[in-house]
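Enquirer: Before we start, here is the structure in question, set down as structure tokens.
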Amino acid sequence: MSKEKFERKKPHINVGTIGHVDHGKTTLTAAITTVLSKKYGGQARAFDQIDNAPEEKARGITINTSHVEYETPTRHYAHVDCPGHADYVKNMITGAAQMDGAILVVAATDGPMPQTREHILLARQVGVPYILVFLNKCDMVDDAELLELVEMEVRELLSQYDFPGDDTPIIQGSALKALEGDEAYQEKIVELANALDKYIPEPQRDIDKPFLLPIEDVFSISGRGTVVTGRVERGMIKTSDSVEIVGIKDTVTTTCTGIEMFRKLLDEGRAGENVGVLLRGIKREEIERGQVLAKPGSINPHTKFEAEVYILTKEEGGRHTPFFKGYRPQFYFRTTDVTGTIELPEGVEMVMPGDNIKMLVTLIHPIAMDDGLRFAIREGGRTVGAGVVAKVIK
């Protein structure tokens, strides 16, 4: 059997379900695939197919995640669902499954619960740009006023974490009833799909973003100059483009005088490609792995930032013991380790393996960074944690 070709006619959007345990995230995921496959084509996935999430490794961390896809008339969606709370935390922090938007599932019978709050906070910290709400189990609540109260509570909670609570689409429904074939509740799933189409804007493609290439290797070619190699993370570069070398040392501006891939000369290098970039007037020793090549003015070097971090358990190959304030591990950004010190939130004395925590990090060298950049925490080359830059301080 030949593999069917993935037709990319429609824009592709990454979404996922978040919310408190047992509020119906997986049931909703199954309901969406079931209802939309009937209406628009695609593959229906049963609850147990989604619930038995396969293990994946992201940055050395084991995460259970289910991936499903579905279509609306205008878009193709890739949707992630995680079985356990810890999987959500790891998924969001490592960026294993980047989300352009999230569907927050809240059971109308319970209202917002501790993990509801925690997932909204995580979404804010790791830069999930849009949240929609599916108010689930509405068939079990007879009182319309009660539904209204729960809705208000959810809106207030979203606003607390800087999401536009008042303007957030909230769809009232029942995932289970929709799965069982109840037409009125299936219509609510279609309504949710329409809301996804309308509320989550089409994300900017990597190729349209400003050029950035993390430098992996540097060598000099006699008579031609210095070449840096790496994979273009975003944007594109053309011969004679002006570029900045950012991070670790003072920022330097230079010009790209040639681009090559597999020993062939190219006119341009694009997002996703491994290329060598020839730089004008730069000596081999002026540049090192861990710096980035970037479009001038598009990214700055920083040493201090607030981070959201997950610390690996012993079983995941992490530390066996807690760490305390003044802990000095290495922070691995893109292609290199930089030593840094940490400050813990007030009232937190120690961090245990398996915890997720907010911390303030100060690096000994500046690194090119923006909010949302992922990193690993390492001790002597062994990964002990994963993190994301929540907010650059300086």
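Using the three backbone atoms N, Cα and C, a Cβ is placed for every residue, glycine included.
From Swiss-Prot, here are the annotated features:
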type	residues	note
BINDING	19-26, 81-85, 136-139	GTP binding site
BINDING	T26	Mg(2+) binding site
DOMAIN	10-204	domain 'tr-type G'
REGION	19-26	region 'G1'
REGION	60-64	region 'G2'
REGION	81-84	region 'G3'
REGION	136-139	region 'G4'
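Set these features in their place in the structure for me.
Expert: Sequence-distant contacts (6 or more apart, same chain, Cβ under 8 Å) of T26 (Mg(2+) binding site) comprise T17, F47, I50, D51, S66, D81, P83. Under DSSP, T26 (Mg(2+) binding site) is assigned to a helix (H, G or I) in the three-state scheme.
Remote same-chain residues near the region 'G2' (60-64) are listed as 53-54, 82-84, 87, 90-91, 94, 96, 310, 312, 316-317, 376, 383, 386 (criterion: CB distance under 8 Å, separation of at least six residues from the stretch ends).
With a threshold of 8 Å between CB atoms, the same-chain residues lying at least 6 positions outside the region 'G3' (81-84) that come near it are 16-17, 21, 25-26, 29, 50-51, 53, 63-66, 68, 91.
Sequence-distant contacts of the region 'G4' (136-139) (same chain, at least 6 residues past either end, Cβ-Cβ under 8 Å): 23-24, 27-28, 105-109, 147, 172-177, 185.
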Enquirer: Looking at the binding-site residues G19, D22, which one has the fewest other Cβ atoms within 10 Å of its own Cβ?
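Expert: Taking G19, D22 as the binding-site residues, the minimal 10 Å Cβ count falls on D22.
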Enquirer: On a count of neighbouring CB atoms within 10 A, which of the binding-site residues K25, H85 is highest?
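Expert: That would be K25, with the most Cβ atoms nearby.
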Enquirer: Per DSSP, to which secondary structure element type does C138 (GTP binding site) belong, with helix, strand and coil as the options?
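Expert: Its secondary structure by DSSP: helix.
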